[in-house]
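Noted in TrEMBL for the protein shown:
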- H546: active site, proton acceptor (ACT_SITE)
- K141, G207, T231, G232, S233, D410, M416, L417, A418, H419: FAD binding site (BINDING)
- G268, S269, G270, Y271, I272, G273, L274, E275, E291, G364: NAD(+) binding site (BINDING)
- C132-C137: disulfide bond (DISULFID)
- 95-425: domain 'FAD/NAD(P)-binding' (DOMAIN)
- 444-555: domain 'Pyridine nucleotide-disulphide oxidoreductase dimerisation' (DOMAIN)
Amino acid sequence: MQYDVVLFTSISLSLSSPSTICRSDSSAVVSNTNVNLLNPRSLRFCGLRKEAFGLNSSLSTHRIQSLSNATRRPRSNRIVASSAGNGAASKGFDYDLVIIGAGVGGHGAALHAVEKGLKTAIIEGDVVGGTCVNRGCVPSKALLAVSGRMRELQNEHHMKSFGLQVAAAGYDRQGVADHANNLASKIRSNLTNSMKSLGVDILTGFGTVLGPQKVKYGDTVITAKDIIIATGSVPLVPKGIEVDGKTVITSDHALKLEFVPQWIAIVGSGYIGLEFSDVYTALGSEVTFVEALDQLMPGFDPEIGKLAQRVLINPRKIDYHTGVFASKITPAKDGKPVTIELIDAKTKELKDTLEVDAALIATGRAPFTQGLGLENINVQTQRGFVPVDSRMRVIDASGELVPHLYCIGDANGKMMLAHAASAQGISVVEQVTGKDHVLNHLSIPAACFTHPEISMVGLTEPQAREKAEKEGFEIGIAKTSFKANTKALAENEGEGLAKLIYRPDSGEILGVHIFGMHAADLIHEASNAIALGTRIQDIKYAVHAHPTLSEVIDELFKAAKVKANTSSPVAEPVAP
């Protein structure tokens, strides 16, 4: 039960994976009682490929050729764009691959499929880009870029340390909102154009699985050798909370920045809540966190979370209530403020009532799997998620694999990050083109884009100790501080810590956690090392440019005390 509560409160903002087909069906939003957000590292983060930024792939040099009407029958709800890379489908099928959902996961799978020579279509019921591009990591990073600059300009002591004098900083709310919206529009357009130029057919409508290798969108039925479900997720709104989209909002509404409240309560102190606290306090709001667990930031490594609280929460205009649920939230109306009833998480007794200008519901995300026609293939969701195996193959109610059907991204719940969805999609394409591929989820990094940033990959210290006790080995801990890094000191950004969790007997990297300047960029050296099975005794000899922040990681690996002198392959761990 405690595990479910952790998942309910730990969210992500680096916001999301491949959500796509938006339906008006209100049942898509489910209560927190039947949704499991899986592990606390369930981040949503953008995994856009270079095509999203208007850069052509290697296939874009192929001459674009239009297919005859006999090959493709254009309809009013079909965008046909063909190239040499998207040729004829396998005999007896309209397409080699059909993907339901054009978020980051679906987009990554579609582009890789074209590279592999598959005739590919993607079905989208809302807008290309899904949650990540339109309501997640892309617009949120635009807002966080503003908050970062505001913080720097408002920090008189920081500026004086450089010998700089800056007049009072201000902002134009609509200009900030336009920056986020314009970025989302640009990326969405580039994603669409990249798929069209490579020959991916974009089919508009609600995608429904009718049966084996058969899909319907709108009034049209098509067949495909293989099908991928990539419908993503929607904000989770617990029972008792009335969202009006104005004073009681989800992250979808908050990203529009229609107003900046003087006092806002943020329900949930996970990644979404933490990032929005960074934005709102930089723009002048006071923030109150409402957290169901006994400590803030429950999804992070405890040591990193403790340091992050000291830097990101305590000095700012933020207070918090822990160990409580927001049992009822009523929007502001008739001159009355937003009211929030807080009950004790254990006793369920009324503990307090808050009156604030606005409330942001940051309690997680629910898989968007309603209306997919899963009953047609005897598939039952588990807490809303589509059950899959380690190769993303869909499992039916009897425990058997559904032939030629896969599910990636938030909809399967393995790891709710956009780049994880994209990686899963690419893995599926590898499988359907004849190469067995299993994605190592423990090598997938995650990040929270506060100022400073937080990033992580692999296991937290409690998770590693639990694994070590169960399997009978010892763990080692190494740490390095940003205060010893020349580049960080040159930037007057010495606040930060990097932490390595490893096996001294073998040199295997179990987890890396970073809090500090550009932590989201620094994590990938550790992530790639885990993915490739590189041991500490090998990577510690890698050379890093001086002076750079990357030396924080260099010193981290050098600080590890490994007993083994020789390296050997690390068995690839795969999260269930």
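Here, residue 1 is simply the first one shown, and the rest follow in order.
Cβ atoms are placed via backbone N, Cα and C, with glycine included.
Separation of the C-alpha atoms of C137 (disulfide bond) and I272 (NAD(+) binding site): 10 Å, rounded to the nearest whole number. Looking at M416 (FAD binding site) and E291 (NAD(+) binding site), their Cα atoms lie 20 Å from each other. A418 (FAD binding site) sits 33 Å from H546 (active site, proton acceptor), taking the C-alpha atoms as the reference points. In this structure, the C-alpha atom of T231 (FAD binding site) lies 20 angstrom from that of I272 (NAD(+) binding site). For the residue listed as 'active site, proton acceptor', the nearest neighbour among the binding-site residues K141, S233, G268, L274, E291, judged by Cα separation, is K141.
Residue pair I272 (NAD(+) binding site) / S233 (FAD binding site) shows a Cα separation of 14 Å. For S233 (FAD binding site), the nearest of the binding-site residues by C-alpha distance turns out to be G270; the candidates were G270, L274, E291. Annotated pair E291 (NAD(+) binding site) and K141 (FAD binding site), C-alpha to C-alpha distance, rounded: 24 Å. When the domain 'Pyridine nucleotide-disulphide oxidoreductase dimerisation' (444-555) is classified with DSSP, helix, strand and coil residues number 42 helix, 29 strand, 41 coil.
Of C132, G268, G270, L274, all annotated as recorded positions, the residue with the shortest Cα distance to K141 (FAD binding site) is C132.
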